[in-house]
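Enquirer: Submitted below is the structure of interest, expressed as structure tokens.
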């Protein structure tokens, strides 16, 4: 055998061995799903409300990972947009004008009018409505995300969306800035 043939066979054997190792590694260390979509989904509010135009938060997260805009989530508001912008290293955009940031709302069931059909319970994506068939239903306010998916299926129209009032738990306190954190124009206004 000539030296060239031995070299070609040796290279062929090395290539086959390397291919087998890479094939094994591809199967053994395969990543399930899209990791960036999972990180995006973790930042979304999980209301599954559909106000973004997608049927839930996970499809919207996959769309963002595929290049869709990050400003279509009204329940998440500006805080979610900023967190998504930081994660994806893009410029934050104002909330989409079509959705718009609205005051926080919760569902309120007028219990005297409720017929107990359970359609609102089935429509609620976060199980914030409790009740039994042919019994009145009520909303667990701390669980309600204000997505208003329960309003439309109600056959007697006894569900209203009301604005959450400010209390000590929901009121946003403005933190005063320390003098070292103020920029020159802020110092002039503070004086």
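Quick reminder: no glycine exception, Cβ is built from N, Cα and C everywhere.
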Enquirer: In Swiss-Prot, the residues 114, 117, 120 are said to bind [4Fe-4S] cluster 2. Which of 73, 147, 154 is said to bind at that same site?
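Expert: So, going by the record in Swiss-Prot, that would be 154.
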Enquirer: May I ask you to find which of 57, 124 Swiss-Prot records for the [4Fe-4S] cluster 3 site already listed with 144, 147, 150?
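Expert: Candidate in the recorded [4Fe-4S] cluster 3 site: 124.
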Enquirer: Measuring Cα to Cα, how many angstrom lie between residue 150 ([4Fe-4S] cluster 3 binding site) and residue 57 ([4Fe-4S] cluster 1 binding site)?
Expert: 17
Enquirer: Across all the protein chains here, work out how many other Cβ atoms are within 10 Å of the Cβ of residue 120 ([4Fe-4S] cluster 2 binding site).
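Expert: Other Cβ atoms within 10 Å of residue 120 ([4Fe-4S] cluster 2 binding site): 25.
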Enquirer: Non-local Cβ contacts of residue 144 ([4Fe-4S] cluster 3 binding site) (under 8 Å, 6 or more apart, same chain)?
Expert: 106, 107, 126, 128
Enquirer: Quick one: which residues besides 114, 117, 120, 154 have a Cβ within 8 Å of the [4Fe-4S] cluster 2 site's Cβ centroid, in sequence order?
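Expert: Here the non-site neighbours turn out to be 109, 115, 116, 118, 119, 121, 137, 150, 153, 155, 156, 158, 159.
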Enquirer: Within 10 Å of the Cβ of residue 52 ([4Fe-4S] cluster 1 binding site), how many other Cβ atoms can be counted across all chains shown?
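Expert: Around the Cβ of residue 52 ([4Fe-4S] cluster 1 binding site), 25 other Cβ atoms lie within 10 Å.
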